[in-house]
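Going by TrEMBL, these are the annotated features:
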type     : residues : note
COMPBIAS : 20-40    : compositional bias 'Basic and acidic residues'
REGION   : 20-58    : region 'Disordered'
DOMAIN   : 81-115   : domain 'U1-type'
REGION   : 137-202  : region 'Disordered'
COMPBIAS : 147-162  : compositional bias 'Basic and acidic residues'
COMPBIAS : 163-173  : compositional bias 'Basic residues'
Amino acid sequence: MDQSSNPVVGVDNTFRKKFDREEYLERAREREEQEAEGRKSKSRGPPVQRKPLKPRDYQVDLESRLGKTQVVTPIAPLSQQAGYYCPVCECVVKDSANYLDHINGKKHQRALGMSMRVERSSLEQVQQRFEALKKRKDPGSFTVQDFDERMLKQQQEEEERKRLRREKKKEKKKEKASEEEPEIDPDVAAMMGFGGFKTSKK
């Protein structure tokens, strides 16, 4: 029998995945082109100029919901969930300390369009500030007599506090002594012979 005329076809039992090299090369080229375009688009734009830090023109509300109970559901919107809601960053912070850290932090300030740098004050601005503070503070309203009266009042209050503390300590000592000393019935003491120890003067 001639084997060349009737070739035996084997079964591919290696179970290996066949990779199409051309397809993967094409994908790699496309990915490299996209990354190159991304780098170009990032480098094209001018750097973002942010405003320097400014003081807040509103009061931070930390105490409006203090001592109140609230039903918390998982389907409630973020602004109605437990904790402090930041509308700028759209997040909820669980306690007041973390909320203050958040609103003073870099992420929040960037969302407001500010950098973490403080604007330097000029000489004129500092002088104007001093003048405004001098005008606000009335020099004739405070005298040496006011200071003496204040000091005297403060000393009297301090003495009163000390006196009250001493009285409380004395009361506590009396209570402790009465608790520790057992009460003895006079009849029982007489039966046991404790009552007749008085010394008579001759």
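In case you wondered, yes, glycine gets a Cβ from its N, Cα and C as well.
With helix defined as DSSP H, G or I and strand as E or B, the compositional bias 'Basic and acidic residues' (20-40) counts 20 helix, 0 strand, 1 coil. Looking just at the domain 'U1-type' (81-115), the mean pLDDT is 89.
Residue counts for the domain 'U1-type' (81-115) under DSSP, split into helix (H, G, I), strand (E, B) and coil, are 14 helix, 8 strand, 13 coil.
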